């Protein structure tokens, strides 16, 4: 079954407490190569048939209307997952 | 209906009808760990003290267990539970000492309550993991449990099959594990406590608490430390009706470990 | 706002460019206010100064429309009321002496508009903000309560708002380890576009630990600690909190603040450690207006001035302009004043708790608040002119012309009263009422809150008040209740405010506690509407008169105006939070009976007072005049309930309020699932009312109590001596599982529970 991937991230100007907590912990476990962490969310929408432009448009609408909260989050990508196998 | 105590009869600290606690219990030192974001640390310490033992505050960043005889990882939201509940706390320096002491020859008793249970699973002292409650909501209520295994370090005062009521309060309380692990837990009688009267959060096999094979490390989702003191406990008891907030079924969890360590 | 306005507009530059255009109107200042700023400074303000004045002179921060009325709370304080008051109105929160060297601070505040825009974060940061107020008094926060008001239960948007707000209150409060011990939940179409999220926090401390927000001692250092400063809620204080939403201007909606409860929990413990070691001279939380507010208030409450270098502020977003840094409402921040010799110890506490801090300035003897940025002076003001000398308005107010018609439209005899139930119809009527959105069980909400944490909760929802132990060795503690009835207040704002006070007083006394202090949260529409301003003026007059009559002072609170959508304001909703003291919290009185055979008594009398009642609401009617309230009688009733509880004469007590005697009896039976046999014939005859009126009228001054058989004589004697009407109306029946109104109708407790508990899950899942 084809899938559409939606990635949602907190808006850059919005505090991301989750990312902050993880970023603070990384150096404590010896991983010092990172200056920041932001934590977003990934959704996988399964499609029955082909991923047409229309289905993608619906996914974009779902992302804007339901999957993200436009007050504090951005939809950063809506894309078809490349076939596995 | 059980006798309802009037205000005059209500003891301030513990039930006066109970025999006085064994004085030797006070020599047992139980460490209570505070991580950043731990919430029920003072409650767990109070429970140890009411049970007759001596609570010792432990700070997550220290390296030293201060010679305690047992350790409680209390409830709360360590590091906000932002990544996964317990995921960051398990890397605390003190956790290394606790894992060593629990796994070593002495087999130090360790109890993880709620967030502490989550820390124990992240630290791989106990199998499985916790995900969000089935209802996707925080749940706070008095919960009936069955003591499935009375042989652990934290349940000697109970008899197997006994029912108790203690408060349940969490957001990520749904216990999950793969089928093989669940089968193993059941076969080895390592389900320590089970929800009865309805599964509150979707936990597999109605599991409320589990133990390691030796029985010294126990993880328990509900909060026995909130049912230790008449007037501030649960509204119910496994033994029958009690007065408002007079349910103290949780106290024996703490007495159990003290008795185990003085034996 | 554009960067060009704010790019290092120094004081020097401002003095030399008097004609530069400034966005004072966009920042919410009136032309006259802007003129005053120029007069005060003797020049045009710099952009940063403009930012400070605009937020600090906003309605939200300056109380410019409400001040002239609020002064009554101070003027009407008597010696009796001052007796236990350690810190009064004007500080972050009031402090009350509860005895044995213990002091309790509590305060209620609104976070209404932000909770409509982003319900979860709005409600969460509302809890966070009020808790920081409590910390900044030097107290350990010990509990929260949340009176919530939503739109119609079946309106599509109510789902979004309810789920978000309840999860936000729980998500933040639960993560802080603060038990949530009570509050209110109301649904009414008038709150559709303006839900009310009021948050109360209570804290305890020893007398000697009280801290105040002032910056004293020249040379002392000023430190900002906690979360970094980002672009959160810039302009929130002035724009978000003082203008009603208007769809034509969406650009005025600023970014919302996001809360980090973990950071706040760490901040609480860190502050308590600072207090324990006496490492701070003065402390102030950062809430509305952020650094603008904290620096100007600390400086003006101190004895000198303050110099601040804004370059030192740790930023989450490095692109912030100095004006934005001053206005940012980033959460989980505190500001403190530390003597130079304690700097190292202070830093050690910060390190232990992993809390970021930066030394941003020092106390001076200049009397000026001087703020530098990148080596240039961008603010040079008298801090008092920012913090305390804001504009004061005597807004016009007048009794609305429609008020007479509203008060004339009584329920009794109205078209909505046409099919008044009687006889066997009363059973279904009681079930309908107990399942209605406002009388149904609120367990769906309260079970999402932790009421156990800290181990000191002696009583919580659904009992009349939340009760907390303060001293573990003596069981000394406090009881708290919040109450308001917007419908009563709409019908008569003066009486409505007094009714809220009476009910809060009664709830605390019913629990067995002696009421000692009030905090209030006054939620109203636009002060620019003379009708609304009249409601406000009347309510404040009613509440301040009432507090004087009851001998209980207002110790602090909050005003929330502009709660309206278009021209339609919410019902005026003055929320009264009452605190009472119990010498032994294990003696508190539960709200339900459980001992078979105990006698059930009704205290007080019933008249036909269905106007504004829950029954009238269920029938879609709002008109007439609210129930009469006699505060002297309420005091007597309260005294009796407290004494009866202390002397062991009653085992259960519940006040009669919304929903009348019918709702009270139903709630008492449901509390522990124990039924009763009730006979109301004699009382109905005594009071000259029919059974329907006796069950559903909302006459004040009433309570129902359960009395052990052995105490009936003492109980009757006390009522007789106090000349308070009382009547034996029934007997507890632990066997039948029924609330049996003998000879009239009976309701099975199972059916009653089903009706009571199904409503919220049915709507919200």
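Each Cβ is built from the backbone N, Cα and C atoms, and glycine gets one as well.
Since the structure is predicted, the reported quantities are computational estimates derived from the model, not experimental observations.
Copied over from TrEMBL, here are the features:
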type     : residues                                                             : note
DOMAIN   : C:26-64                                                              : domain 'Phosphoribosylformylglycinamidine synthase linker'
ACT_SITE : C:60                                                                 : active site
BINDING  : C:63, C:107, C:520, C:557                                            : ATP binding site
DOMAIN   : C:90-205                                                             : domain 'PurM-like N-terminal'
BINDING  : C:109, C:558                                                         : Mg(2+) 1 binding site
BINDING  : C:110, C:111, C:112, C:113, C:132, C:257, C:329, C:330, C:331, C:560 : substrate binding site
ACT_SITE : C:111                                                                : active site, proton acceptor
BINDING  : C:133, C:285                                                         : Mg(2+) 2 binding site
DOMAIN   : C:218-372                                                            : domain 'PurM-like C-terminal'
DOMAIN   : C:463-581                                                            : domain 'PurM-like N-terminal'
DOMAIN   : C:596-735                                                            : domain 'PurM-like C-terminal'
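When the recorded positions C:109, C:110, C:111, C:112, C:331 are screened for a C-alpha within 10 angstroms of the C-alpha of residue C:63 (ATP binding site), no residue qualifies. Sorting the domain 'PurM-like N-terminal' (C:463-581) by DSSP state (H, G, I as helix; E, B as strand; all else coil) yields 45 helix, 41 strand, 33 coil.
Counting residues 6+ beyond its ends, the domain 'Phosphoribosylformylglycinamidine synthase linker' (C:26-64) has Cβ neighbours under 8 Å at 1, 5-6, 9-11, 13-15, 17-18, 20, 70, 235, 237-239, 241-243, 288-290, 292-293, 296, 321-324, 326-327, 371, 373, 378-382, 385-387, 389-393, 527, 559, 561-562 in the same chain. The binding-site residues near residue C:557 (ATP binding site), taking a 10 angstroms Cα-Cα threshold over the set C:109, C:110, C:132, C:329, are C:109, C:110. Comparing CA positions across the recorded positions C:109, C:111, C:520, C:558, the one lying closest to residue C:331 (substrate binding site) turns out to be C:111. A 10 Å radius around the C-alpha of residue C:132 (substrate binding site) takes in these recorded positions out of C:60, C:111, C:285, in sequence order: C:285. Take the Cα of residue C:558 (Mg(2+) 1 binding site) and measure to each of the recorded positions C:110, C:111, C:112, C:133, C:285: the nearest one is C:110.
Rounded to a whole value, the Cα-Cα separation of residue C:111 (active site, proton acceptor) and residue C:285 (Mg(2+) 2 binding site) is 16 Å. According to DSSP, residue C:110 (substrate binding site) sits within a strand segment. Counted over every protein chain shown, other Cβ atoms within 10 Å are most numerous around C:111 among the active-site residues C:60, C:111. In this structure, the C-alpha atom of residue C:109 (Mg(2+) 1 binding site) lies 10 angstrom from that of residue C:133 (Mg(2+) 2 binding site). Of all the recorded positions given, namely C:60, C:107, C:110, C:112, C:329, C:520, those whose Cα is no farther than the 10 Å limit from the Cα of residue C:133 (Mg(2+) 2 binding site) are C:107.
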